[in-house]
């Protein structure tokens, strides 16, 4: 019996879609909050293989999801490249900034990242041993544009203005940074696969702010390069791409990049995504609005059924359109799973 998640990624249409949730290991779970407190802070948790493996396993024990995703953060890679990274309470991540070619050239090379990231690979090895045999293990990284937005601005921002400014005013420095991140991402994900990940997911959280040719050059092209290299090194490796809020850019994204599955956010309707992206044959992942994990009740049941129904004629992995939030009720996740699996 092949894992349901892998079957969907190979293009099978299943009677019940496999399910996992972005940020399924997170602050909505009391056991996660306890383990994070034990670690001391978020980054300490990411770099502690035993505790990072534990929080990855917690939602699998509680809910029996079809997949587990490595507990880490997309900003561990820029930290390994030499950027300073810290988290401010209530404010999120902060980083040192890169604003010119000198800053890019000061970064470490792609082969120098592994010492800092060694604990992440150890987490992968632990999970490859300890996950239930029916659970698919997903590794991940941020995509170059999204990672670059943090490295340029030093923080998350609503409009990614600093990254757009560098792109438009110092294209050589911007492209050099994108190339550095792209090369390092390939090495990072390759090591995750060697350490036991069965699938990798590429998170381009800010892809939606790239328009027209910029989307092709800085969302599509890096994804294509990363996917081609990973598949050359690891034949048969399934890859999920998530160009969040791409809108019309979702159409043809899998074909252009070589991704096996495109994750869809909830800014588009499941019916639109089924007609334009899935088309009865391409694997899609998504796309329930995370708000229903807070509100629950019949609204959650009906919205869940709508997503399942929209995608039932092609390969589908059920997920949210974005990460589950700290305000979510763990009981609503149980209701979600029961609705999908017909319990």
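A Cβ is built for glycine as well, from the same backbone N, Cα and C atoms used for every other residue.
DSSP assigns residue 27 (substrate binding site) to coil, not to a helix or a strand. Per Swiss-Prot, the feature substrate binding site maps to 23, 24, 25, 26, 27, 73, 150, 205, 322; the stated evidence is sequence analysis.
Summarising the annotation, Swiss-Prot assigns site 'Transition state stabilizer' to 73. Contacts of residue 73 (site 'Transition state stabilizer') defined by a Cβ separation under 8 A and a same-chain sequence distance of 6+ are given as 42, 43, 46, 93, in order along the sequence. Reduced to three states, the DSSP call for residue 73 (site 'Transition state stabilizer') is coil.
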Cβ-Cβ neighbours of residue 150 (substrate binding site) (radius 10 Å): 28
Binding-site residues: 23, 27, 322 - member with fewest neighbouring CB atoms within 10 Å: 27
Local Cβ density at residue 25 (substrate binding site) - other Cβ atoms counted within 10 Å: 25
DSSP three-state assignment for residue 150 (substrate binding site): helix
